[in-house]
Amino acid sequence: MYLLNAQEIEFYLNGGNDQELYTRADQVRQENFGDEVYLRAIVEFSNVCNKKCKYCGLRAPNSSINRYRLKKTEILDVAELAAVNGAKTIVLQSGDDFSYSSNMVGEIVREIKSRHDVAVTLSLGDRSAEEYAYWFECGADRTLIKLETTDSRIYNDIRCGESLKDRLKLVKALQETGYEVGSGIIVGLPGYSIQQLVADLLFLTDLELDMVAAGPFIPHPDTPYSDVETGNIDISYRFTALLRLLNPQTNIPATSALDSFDSKGRETGLRRGCNVIMPSVTPSANRADYNIYPGKNSVSVDVTDSITNAENLIRSLNFVPSVTKGSSKRKRNVK
Ligand code: SAM
Ligand code: SF4
């Protein structure tokens, strides 16, 4: 039983009553999280990728970007700086870069966990369920694996022949392993429709996720989708507000893609149901090269400033940067 039915969801997605939707989403966020906003420091440690996703600037065939890989010591140094500056969650993210062996990722996780009182999230793409299980044993707490869309034909097209079933199998295996699991979609991919977004919302809700991220599609000039229209920002805000109504206790980030439309995009997201922000703490020398879409990491800041700026953003809304790890509040139904 959903808290909203498909017709109501469609009504709100079409802009039927934005004021009511955003007010309700803000109330539900407040009831579940109070004034606390969780901050996740994201270390984008490699922009090398073996995939060809048509939407993403890191895709392997893109020869226009300057590729980098941080060494283990560099990753540990950045994680340390983030932790010392108050971050309670370190997100390790990269392209699908298999040069980081299972053992190496395991060592990085173990070392971060032994040195700092933080949660570690892995966003490393399609590594095997066995590898993720091993990293869970090493101490990793969470994963972030977006489905990008829940339409299998669109998925197959945008990810060049890959199968949504396989991605979903991985997401479910990670839940079984015991991870807090995050997933989500991109709003406004080629071929999407409002009916598809309704289906996405219900599908993501059924997955009982600990975190759901949904940001607008932003075309990258060096991808096959360079001429595709940018995702609709209002539909994106409505989507996350509806996620909040359907998943009251799930962590929902105000994605950095929102800031590509409006410098206050993440603030608006936090006022409309989101309760998480994920500042990049990638070293200044590499930040701009993590160019998933234009505008990403365009401001050159060091780790300290990145976290301070995020905290200031939270305070500017009269919210409070949480001093906890912001672990998932939601309990999954036993099936
Ligand atoms: N390689 C891993 C994976 O694909 O799961 C993690 C890194 S990937 C760059 C992180 C996320 O960036 C993807 O899940 C996708 O949602 C987002 N992304 C990539 N290209 C995008 C674009 N053009 N617009 C909006 N989001 C995009
Ligand atoms: Fe690689 Fe992830 Fe980008 Fe796909 S979305 S090209 S897997 S970094």
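Cβ coordinates come from backbone N, Cα and C, glycine included.
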Report task. Select one of E148, E176: the residue that TrEMBL places in the S-adenosyl-L-methionine site alongside R159, R167. Result -> E148
Query raised in the report: Where E148 (S-adenosyl-L-methionine binding site) and C53 ([4Fe-4S] cluster binding site) are concerned, what is their Cα separation in Å, rounded?
Result: 11
Report task. Report the same-chain neighbours of R167 (S-adenosyl-L-methionine binding site): residues 6+ apart in sequence with Cβ closer than 8 Å to its Cβ, ordered by sequence. Result -> D126, I145, L147, Y155
Requested in this report: Among the binding-site residues C49, C53, C56, E148, name every one whose Cβ is found under 6 angstroms from ligand 2, counting any of its atoms.
Outcome: C49, C53, C56
Query raised in the report: Within the set C56, S123, R159, R167, which binding-site residues show a CB-to-ligand 1 distance under 6 A?
Result: C56, S123
Query raised in the report: To test your reading of the [4Fe-4S] cluster site: which residues beyond C49, C53, C56, same chain only, put their Cβ within 8 Å of the Cβ centroid of those residues?
Result: K51, K52, Y55, G57, L58, R59, A60, G95, D96, I292
Report task. Name, in the order they occur in the sequence, the residues of the same chain whose CB lies under 8 A from the CB of S123 ((3R)-3-methyl-D-ornithine binding site) and which sit 6 or more residues away. Result -> I42, V91, L92, Q93, S94, T143, L144, I145
Report summary line: Near S-adenosyl-L-methionine: residues not in E148, R159, R167 with Cβ within 8 Å of the site Cβ centroid are C53, K146, L147, T149, Y155, I158, E162, L164
